[in-house]
Amino acid sequence: MPLLGLLPRRAWAALLSQLLRPPCASCTGAVRCQSQGEESLQVAEAVLTSQLKAHQEKPNFIIKIPKGTRDLSPQHMVVREKILDLVISCFKRHGAKGMDTPAFELKETLTEKYGEDSGLMYDLKDQGGELLSLRYDLTVPFARYLAMNKVKKMKRYHVGKVWRRESPSIVQGRYREFCQCDFDIAGQFDPMIPDAECLKIICEILSGLQLGDFFIKVNDRRIVDGMFAACGVPESKFRAICSSIDKLDKMAWKDVRHEMVAKKGLAPEVADRIGDYVQCHGGVSLVEQMFQDPRLSQNKQALEGLEDLKLLFEYLTLFGIAEKISFDLSLARGLDYYTGVIYEAVLLQTPTQAGEEPLNVGSVAAGGRYDGLVGMFDPKGHKVPCVGLSIGVERIFYIVEQRMKTKGEKVRTTETQVFVATPQKNFLQERLKLITELWDAGIKAEMLYKNNPKLLTQLHYCESTGIPLVVIIGEQELKEGIIKIRSVASREEVAIKRENLVAEIQKRLSES
């Protein structure tokens, strides 16, 4: 019996179908012939053996999500939606239009746009003659859209998921699948005005989210390249060395120097010259100082970048955010498509309270100018200058989530305003009429999906989910043409006329 108990239902069906076959034509009555009986037993034994073997060999299936991904509970979604609402409302305040692009693109659209990071793209299996990859960011698809539709001027925002095949660090808000919030200005405009607005937007969002103090590192890709040339870096190594410098926010200078010298073949004395520059950071005074630098002042590219940064600081002062900006020569931004001003927002470490772990999540927003990317897609190479920013939603969400956990804050997961209840049996129809009236008036309402729920159960549900008001109908209320409204917080009840229900609830909700 224990052996048979292991059999799945399908095996039992096959076994019984063999044992219960009708007798052959040469038999009389209900007695099987000996040959048929032996045949049936052999078949049954074979079925039993194969099914038991398959059952025993089936591997244990572990229910889990892929590495570098996460599920978002209703509590998580409430927090995330609040963050996204604030971000998107800021984008709209600055005149941006929303748009979306496919989650995957032709592989050739994405390749050679990200430098060393191109190896982190997720390639899809060829399903129909097209080689595809999941989008790595929202910037390259935007540039492809502009070129494909011959759009020369656009201010847009885009919120969507992107995928990167890198080692995830969940404790720092780094994932393989994550959400990006981008804002971009495309078009030919006077220098540094759109760039300054992008920095203003970052300041508005980070201030609005109340994450603590922050600053924004600013540099220019032309200054970076000019610095490399002045220090003696071969032009063929510019992008590779830029990728190494971009790791300075995660690695110590000695480790970055070792990578440049040992792995990328840079001369040690050249690396040391770069080291002198990447330690420099400051405000507009540092920009003025770099104009006098004996090496940079001889490089045309670097001087162009410095001129633009000087102008940028003038606009940032007018926007009232210059004190949040730091000219930082260590900022490189490793993506190949940047051509001008680049920036990265970093939260300042605040003293941790008792029981609170220090939060180290790196940059929470970044971006820059990419004037040549659209031209890479245009058959005639027509360029559309662009500048943009990306908000690191996952890292921000991680910070907010950890702080809420430390403070023990609870999150209400529904927006229900009114619960329709009854203390008596056989009042389902009346409850349905009431809730329909509330829904039709645009009021968020709920009821229990039971014919005869207990009143205490209904009230407990309201308390546990944070529903502020309960409307109660019973025999007495129906007879007198009234409805009782109960405040869940104070437990006070008042009776009102049935026809005044919607107006009374709307009045209470507007006052709360």
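Using the three backbone atoms N, Cα and C, a Cβ is placed for every residue, glycine included.
According to TrEMBL, the domain 'Aminoacyl-transfer RNA synthetases class-II family profile' annotation covers 68-423. Taken from TrEMBL, the feature L-histidine binding site covers Asp137, Leu138, Thr139, Arg164, Gln180, Asp184, Arg333, Tyr337, Tyr338.
Positions of TrEMBL features highlighted on the structure.
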residue	record	Cβ neighbours (10 Å)
Asp137	L-histidine binding site	20
Thr139	L-histidine binding site	26
Gln180	L-histidine binding site	18
Arg333	L-histidine binding site	21
Tyr338	L-histidine binding site	25
For the domain 'Aminoacyl-transfer RNA synthetases class-II family profile' (68-423), what is the mean per-residue pLDDT, to the nearest integer? 91
Return the maximum Cα to Cα distance in Å (whole number) over the record's L-histidine-binding residues: Asp137, Leu138, Thr139, Arg164, Gln180, Asp184, Arg333, Tyr337, Tyr338. 21
